[in-house]
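Under the heading domain 'STAS', TrEMBL lists 340-459. Here TrEMBL flags 6-22, 34-56, 76-97, 109-134, 154-176, 227-246, 252-271, 292-318 as transmembrane segment.
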Amino acid sequence: MPQALFTITFLIGAIMFAMGLLRMGMVVNFVSNAVMTGFVAAASLLIIICEMGDFSGYAPSGANKLMEMINWLANIGQWETTTTIVGVVTIIMMVGLKMIKPTEKLAAIITLIVMTIVVNLLGMSSVALVKSIATIPNSLPMPMLPDFSLLPKLALGSISVALVALVQGAGISTAYPNTDGSRTSQNRDFTGEGLGNLVGSFFQSMGTGGSLSRTGISVGAGASSRWGGIFAGLWLALIVVLLGSLAELVPLTVIAGMLFVIGAELILARLPDARLIYRTSWGSVAAGMLTFLSALFIPLQWTIFLGAGLSLVLYIYASSKDVRVTCLVRNENGHYEERDVPDAYPSNEVTILSLGGHEFYAETPLLDELMPATRGVKHAAVILRVRGREQASSTGLKWLQRYARELQEGGNLLLLAGVQPVVKDELERTGLMDIVGQENVFEAQPGLGASLDAALAAAQTWLSTRQSTVEISGEAGSTEE
């Protein structure tokens, strides 16, 4: 039922268009460079694997893409000799033409035309042509309405296809950045691809998205902007109308050989990124390798989610360990120097601690281990510098409440410096402001160190007052004696 196919195209377009309008292109930001590199390399390898049958005349079989590749290599004896030779010559010709400057950008079209003419003139009947799988009329598709009654049945599958197309489009943006240096807008990409599918669904079009192979050929032919795709579409329409039936004479192995070259180029282009990933962290390597290898066993649409999921887990783990506590000491020039955190707070002194990290609730247990001991400490003024923290989790606030009371039980003072307005509001709403004291919370100031200076002055004043009180009490006791 062809209307079902066009209905899927309509749904894909609607989903893409809606995601673009809702500015959901930011979702792609959660896909790390390692995962995207693995995805692009995997998609490029799949281009090659999917063309192995047409390239050799032997269609491999297997439970997954890896088994198909193994089956293909294990049955070289069943490859159709003439078909394979034509495919190999196609690869050699295209690579050779790309190495010659005058023919570099025309390598694909020259190879296609020359090899098609040679195969047909020599009457190589064993070489399969396009006409063996499809008939191409000399006309454009006529309008045909999708079957909208099928929308509920096809909605779920269409979401999956749309996501794959969008992610692959994002992968193309990574593999082929804009030549003018401008940044790619994923939201505009989503919207444009959605509109293309919506319109195409009324003209018997299959669901489409970004194509690595087509982009590779376009860039190789010299395309440097979006106009390359527009003119490619216009030329294709003209060729179909005037020479559509001639396209049936193109050998499938020639197309396969050309795609072999494109796929290999895409993989080789990822090597610099792969080396960078290898030199960064084992987590990035694991995420990239998982994304790449999983494409050989599971559908492509799930590989990027698998890799992104692993990246997220690794990020959460790293965030829980990324807790930094440093002791700050003001020098004679008024600048703050970083020192090692003491094992315990010194009594009757001011201690400044700067807290750094990802504001993640799982870091709280580690924070406890890094903080100085409070047991037995008397009359210490502790300043916690929290500048840069835009929010506070309930776990973090609970820890702060407990820590403040621990200090106050020993007659110590806790001050907070560099507090963002949002965090201050949270302290007020949760009642923590009453525990710490409004006068002991210092909001972040435009000038770096201004809030900390104010907190330090307040702490020193408090210590001076405490010492004066102790001295007066001591003198009063001596007088009574």
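Glycine too: its Cβ is placed from the backbone N, Cα and C atoms.
The predicted model assigns the domain 'STAS' (340-459) a mean pLDDT of 85.
With a threshold of 8 Å between CB atoms, the same-chain residues lying at least 6 positions outside the transmembrane segment (76-97) that come near it are 55-58, 103-104, 106-108, 110-111, 114-115, 119, 124, 126-128, 251, 253-254, 256-258, 260-261. Remark: the transmembrane segment (292-318) makes no contact with the transmembrane segment (6-22), by the rule of 3 or more CB pairs under 8 A. Of the ranges 6-22, 34-56, 109-134, 154-176, the one with the most Cβ pairs under 8 Å to the transmembrane segment (252-271) is 34-56.
Note on the domain 'STAS' (340-459): DSSP counts are 54 helix, 24 strand, 42 coil.
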